[in-house]
Amino acid sequence: MNRLELLVMYFCTGLTLCVLYATQPIGPVFEVELGISRTEATLFTTSMMTPLAFASIFYGYILERVAIKKLLILAFLLLGVSEIIFSLSSSYFWMLNIRGFQGLLVPAVLTGIMSYISTASTKENVASAIGAYIGVTIIGGFLGRFFSGFFTDLFGWRVFFIMVGILLLLAAFLVFKFSSSISASFIKPKLKDIIHILKIKHNLYIYMMIFGIFFSFQAILNFIPFELTNLGNEYSGSKTGMMYFGYVLGVLISFNLKKIVAVFRTAQNAIIFGIIVFLIALQIFRFESFLVMFVAMLVFCIGNFIAHSVASGFINKMAESHKGISNGLYVSFYYAGGALGSFLPGFIYMQSGWGAFLTLITAISSLSLVMILVLKYAKQSV
């Protein structure tokens, strides 16, 4: 795969993450403009994230032996057109359905891009190419949130979504022009294989841990725009977008994973440290000041990405067979937690406020810590 092809795939990856998270920082705008509740506003993210929880289990059957180039061209055309329609709509019902439709496309796009990079890269370069792909997903997640908030302040929310829609159509053209026709075999797990993987204790503990952590992570990311609006008595898209800057720290963590694990000697110790940092950050969020909460978000993201990156590597390392299914289930638990966390805690937030909301998130994150402590001491006793 030549350098231009790779850059096109990275551009498409970043753009896809922009689509996924662009609505997150502007929930308060939708609340006012569409006359909906805060929980209803967060469903724009939930509807996109939910299909990702099932993609690794079902999409292998749907995309079996598909030509990735054709898949990506069609998906980006549909994403581009639907994004422009979303930007022109004023009906919550139709906007939510458009996001749900896009949510069905995003897993196919991300799976297709990763498979394309893996298949087209040389054996010597595939690890670094996938590492860069992961970095681009993190950067794309931040840029989608930041520019969505920034452009909302300058021009209103619709302009950014129109721009993203046009760029998605450009992505379809770039894939058509510069990519090769490659077919890839996707993972098609059988029920007995899934049950076998879940019966392995260290897998189940890690899956339950990451479910809780990403539940908590997305809960904060989805509802903090509303709390910032409460603090300042008015919405600022730029300030809200900047609140997600800590997300970029995930790039540094993912590229220094071996060093982090070496410092703590074992993966379990590193995950425990990450979750403790995560829990400390949750308590800092109780000090309702933009600057303090910005620092809290930096600490929060550090804890999240340490726990997530190390846990993902641990699953890979421990998998003796069915490595693809083990990874797929990890991703499923990860996004299932994120989808539920982006929505359910909103009921506590709306009824009892920010403090009770943080208490709930702390309790769930503490259960994740318990899972890793049980895993650590269970392995020591073997």
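Glycine too: its Cβ is placed from the backbone N, Cα and C atoms.
If you check TrEMBL, you get these features:
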type	residues	note
DOMAIN	2-380	domain 'Major facilitator superfamily (MFS) profile'
TRANSMEM	7-23	transmembrane segment
TRANSMEM	43-62	transmembrane segment
TRANSMEM	71-94	transmembrane segment
TRANSMEM	100-119	transmembrane segment
TRANSMEM	126-147	transmembrane segment
TRANSMEM	159-183	transmembrane segment
TRANSMEM	204-221	transmembrane segment
TRANSMEM	241-257	transmembrane segment
TRANSMEM	269-285	transmembrane segment
TRANSMEM	291-315	transmembrane segment
TRANSMEM	327-348	transmembrane segment
TRANSMEM	354-375	transmembrane segment
Result, the transmembrane segment (159-183) in contact with the transmembrane segment (327-348) (3+ CB pairs under 8 Å): no
Criterion met for the transmembrane segment (126-147) and the transmembrane segment (354-375) (at least three Cβ pairs under 8 Å): no
Residue numbers, six or more beyond the limits of the transmembrane segment (159-183), whose CB comes under 8 Å of its CB atoms: 1, 4-5, 8-9, 11-12, 15, 18-19, 22, 65-70, 72-73, 76-77, 79-84, 86-88, 115-116, 119-120, 144, 147-148, 151-152
Chain residues in Cβ proximity to the transmembrane segment (71-94) (below 8 Å; excluding those fewer than six residues from its ends, i.e. six or more beyond): 12, 16, 19, 30, 33-34, 36, 40, 63, 101-102, 105-106, 108-109, 112-113, 116, 158-159, 161-162, 164-169, 171-172, 175-176, 179
Maximum Cβ pairs under 8 Å to the transmembrane segment (241-257) - stretch from the list 204-221, 269-285, 291-315, 354-375: 291-315
